[in-house]
Amino acid sequence: MEFTLEATSKNARACTIKTAHSTIKTPVFMPVGTLGSVKALDMEDVLDLLGAEIILANTYHMYLRPGDETVAKMGKLHGFTTYPKSFLTDSGGFQAFSLSDISKASENGIEFRSHIDGSKHFFTPKKVIDIQHNLGSDIMMILDDLVALPATGERIALSIERTTAWAKESIEYFRKKQKEGIGAEQNIFAIIQGGTDKAFRTKSATELCALDFDGFAIGGLSVGELNNEMYDTVEHTVKYMPKDKPRYLMGVGTPEDLIENIERGIDMFDCVMPTRNARNGTLFTSFGRLNIKGATYKEDAQPVDSECECLTCKRYSRAYLNHLFRSREIAYFRLATIHNLHYYLNLMREAREAILEDKYAEFKAEFYRKRG
């Protein structure tokens, strides 16, 4: 991986990340393709209509079905899906924790039952790296010990202790495998934990950022805390993260969350919100959210967003999308998803331009002004 910090606008950063498969301009939003597919889209949509240079797939889900060994036999993620750009794979720890009826973390890893058939599995730091070697992602995440908030200080301290221990095991194993010729073109990120407690975040960030990772993520946020708590936690944590490596805020979030956290120095984001909300009838626009299922749009000839250049807005009216949604037509899900993801990715491109011109504060003010 080649990382270049090109410009800053106060704490906001414009960077370039070069992997074996693409050049990623930051700030970047990564569409979520949990199962190796961005819901409702094909890879032509992702490439040609969205211009996405990186998408996310999930280790837990790909491990359970179709199986990481199957993916490896089919040409790894790039060959299996035909997406030629970069993949980031989450370690699967969050899904093992949240989707399993029975999930137990110990000092050795996470035991869980499959949400598909109830079979028992055990993720260790080394196993999730082996799985991600089979998947062939450009950026892999380590196994971390996730804590649901609110949590006791004792439990958060244990989470940090385990995450640091697993990180040390992970980076040692990953670099050893690279010397053996396995995963030579892959990169690995660590995940900082600590809830919303600044002392815990300092401890976790300090311990992890001393290790030889290619980038660092902030995990354990957007799990029910107040927005200001999230923003304060991010602002504090980035102070302890290196300036010469990517910074990734996991699972976040709304357009407002992206704007606020770019200002605080975050480079990379992912979230299911634009795709999930599209399917549920909520569309994101330059002027705020639009609930397309509302009767007010039944005879509205305007595009979803007059400032948007996506295929959906160039060709179709709000009335047509309202009709498709109410009729539960499959075409709706594609058109709505194209719009929402285009909005997110374009917002990142505009943010980048503002940073390059050292006008991020003005860009942020205009973003909120349009929302009234």
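Glycine is no exception: its Cβ is also placed from the backbone N, Cα and C atoms.
The structure displayed is predicted, hence computed values, not measured ones.
For Asp90 (active site, proton acceptor), the number of other Cβ atoms no farther than 10 Å from its own Cβ, over all displayed protein chains, is 27. In the three-state DSSP reading, Asp90 (active site, proton acceptor) counts as strand. Sequence annotations record features per position, and here Swiss-Prot assigns active site, proton acceptor to Asp90 based on sequence analysis.
The active site, nucleophile annotation in Swiss-Prot covers Asp270, and the record cites sequence analysis as its basis. For Asp270 (active site, nucleophile), the same-chain residues lying six or more positions away in sequence with a CB closer than 8 A to its CB are Phe29, Met30, Pro31, Val32, Leu56, Leu88, Met250, Gly251.
Here Swiss-Prot flags Asp90, Ser91, Gly92, Gly93, Phe94, Asp144, Gln193, Gly220 as substrate binding site. Counting Cβ atoms from all protein chains shown, Phe94 (substrate binding site) has 20 others lying within 10 Å of its own Cβ.
Around the Cβ of Cys308 (Zn(2+) binding site), the same chain contributes Thr285, Ser286, His339, His342, Tyr343, Asn346, each under 8 angstroms and 6 or more positions distant in sequence. Residues annotated as Zn(2+) binding site in Swiss-Prot: Cys308, Cys310, Cys313, His339.
Looking just at the region 'RNA binding' (251-257), the mean pLDDT is 96. As annotated by Swiss-Prot, region 'RNA binding' applies to 251-257 (among others).
What Swiss-Prot lists as region 'RNA binding' is 275-279 (among others), and the listing cites sequence analysis. Long-range neighbours of the region 'RNA binding' (275-279) within the same chain, counting only residues 6 or more positions beyond its ends whose Cβ lies under 8 Å from a Cβ of the stretch, are 31-32, 38-40, 333, 336-337, 339-341.
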Asp90 (active site, proton acceptor) and Gln193 (substrate binding site), distance between Cα atoms, whole Å: 15
Candidate recorded positions Asp90, Gly92, Gly93, Phe94, Asp144, pick with smallest Cα gap to Cys310 (Zn(2+) binding site): Asp90
Cys313 (Zn(2+) binding site) - helix vs strand vs coil (DSSP): helix
Residues near Cys313 (Zn(2+) binding site) in space but at least six apart in sequence (CB under 8 A): Pro303, Val304, Asp305, Ser306, His339
Helix, strand and coil residues within the region 'RNA binding' (275-279) as assigned by DSSP: 5 helix, 0 strand, 0 coil
Whole-number Å value for how far Asp90 (active site, proton acceptor) lies from Asp144 (substrate binding site) (Cα to Cα): 10
The region 'RNA binding' (251-257): DSSP-derived helix, strand, coil residue counts: 3 helix, 1 strand, 3 coil
